[in-house]
Every structure is written in C-alpha cells, then in structure tokens.
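Chemist: Just lifted these from TrEMBL, have a look:
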type	residues	note
ACT_SITE	Glu118	active site, proton donor
BINDING	His116, Cys146, Cys149	Zn(2+) binding site
DOMAIN	65-211	domain 'CMP/dCMP-type deaminase'
Amino acid sequence: MYKDVHKNKVIHNFVHNMLTTNICSENKQGVIPQPSSPNPVRTNSLLRRKAQHMLNNQEDERLTYTDEDWMRLAIAEAKKAEAIGEVPIGAIIVRGHEIVGRGYNLRESTLDSTAHAEMIAIREASGQLQAWRLLDCTLYVTLEPCPMCAGALVQSRVPRVVYGTRDPKAGCGGTLMNLLQEPRFNHRADVVEGVLQEECAELLTSFFRRLRNKS
Ligand SMILES: [Zn+2]
C-alpha cells in the first residue's frame, strides 16, 4: 500500500493539475475567469474529496469519474518518472472505480527496454486481479502505446485504452499503425485518444527541452 505521505502528494498534484488545466490555462491566453467560474475554494475541496475517493478505491455514487479524472492520475505517475530523470510517461489501470495497476517509465533506472509504464501497470493489475485477462479494465496512459505495449494490451485483452497524446515515432494506437484495433487479431480494444492531450504532451516537450538545455 502507498504511504499516506505519498497519497497526499498525489492528491495535491491531482487538485493542482485540475485547477491549472481548468483555470490557469485560460489565464495563459489572457482570458479572465468569468464570475460564473466555480468558487476555487469549493472546487478545491470537491476535487480533493474526489481524488481521495479515487485513490482509496472507494465508490461514491455522488461523484462521477471522467476519463480526464483518471488521466490526471496517469499524469501523476508520469511525474514520478520525471522526478527520477526518466522520460515522463505514466499509466494506470482502472476497473470500475478501482485502480488495479499503475506504472511509470523505468527504462533507464532498470536498464530494461520493456520497463514501460503500461507493462508495469499490466503486471501489477494481473497480480492484483489474479488473472492475465484484464477484463472490464481501462488502461489510461499519457502517451500512445508503442508496438510492445499495444501488443501486451491485446494479449491481456484490455477492452478499453485511453491515451493522452500521440507518438509520431512509435505510436501503435492509430498513428503509425493500429495494433489495438487490428481486425486480424483475436482481440480489439476501444480506443480514446487526446484526453488531456496538451498536458500530456507538455510533460514530454518540457522534459526534452530541459535535457537539451543541460547538454
Ligand atoms: Zn511501450
């Protein structure tokens, strides 16, 4: 189990991300929030409650969860990769209202080309569900899956894949090819792309920008 400190940090990031996407992104374009904008204090506490419920895997019928909500948690995973100098890519696997797997890119730290966020999340979910078939699950990942991860998603029968931003160099969820929906395979997933696209892309572009500036 994750420690409370860690959980609080994730909740803080979740609320921060939610508020910055909803409010600050408008400010960047010079748009002043309208008086009808939700009260930030109220929004903040609602989001905090929502994040707490999501992370504690508690179902609350009064709260509805959107793909954006879950993607924010995948972004929180990506930020863990970023914090240790890894390319920031994160993934979570959700069944119902429960997070059953999570992962972030660990390729450099583990010197393992297969240590992609999705692979780690798939392994964790299989362990948690005690099944290699990840039925009724949705995988959220910040970057479009590569051929390996798309293959693993097909193998694990994940029925729904949601990704943030396209990968023009390796994307196999529709960009270079679409292994997730290949009619000749025995399994196809529903695919949703572009959820919090700008935020997911910005994570990567700012990471590589910083890397270039260092060298
Ligand atoms: Zn991959």
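Just so you know, glycine gets a Cβ as well, placed from its N, Cα and C.
Show me how these features fit into the structure around them.
Modeler: Counting only residues at least six positions away in the same chain, the Cβ atoms of Ala91, Gly103, Leu139, Val141, Pro145, Cys149, Ala152, Leu153 sit under 8 Å from the Cβ of Glu118 (active site, proton donor).
Every protein chain shown contributes to the tally, and the Cβ of Cys146 (Zn(2+) binding site) ends up with 21 other Cβ atoms within 10 Å.
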Chemist: Using DSSP, what's the helix, strand and coil tally for the domain 'CMP/dCMP-type deaminase' (65-211)?
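Modeler: Counting residues by DSSP class gives 61 helix, 32 strand, 54 coil.
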Chemist: Which site among His116, Cys149 has the most other CB atoms no more than 10 Å from its CB, taking these as binding-site residues?
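Modeler: Counting every other Cβ within 10 Å of each candidate, the maximum falls on Cys149.
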Chemist: So around the Zn(2+) site, His116, Cys146, Cys149 aside, which residues have their CB within 8 A of the centroid of those CB atoms?
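Modeler: Residues close to the Zn(2+) site, other than His116, Cys146, Cys149: Ala117, Glu118, Met119, Pro145, Pro147, Met148, Ala150, Ala152, Ala170.
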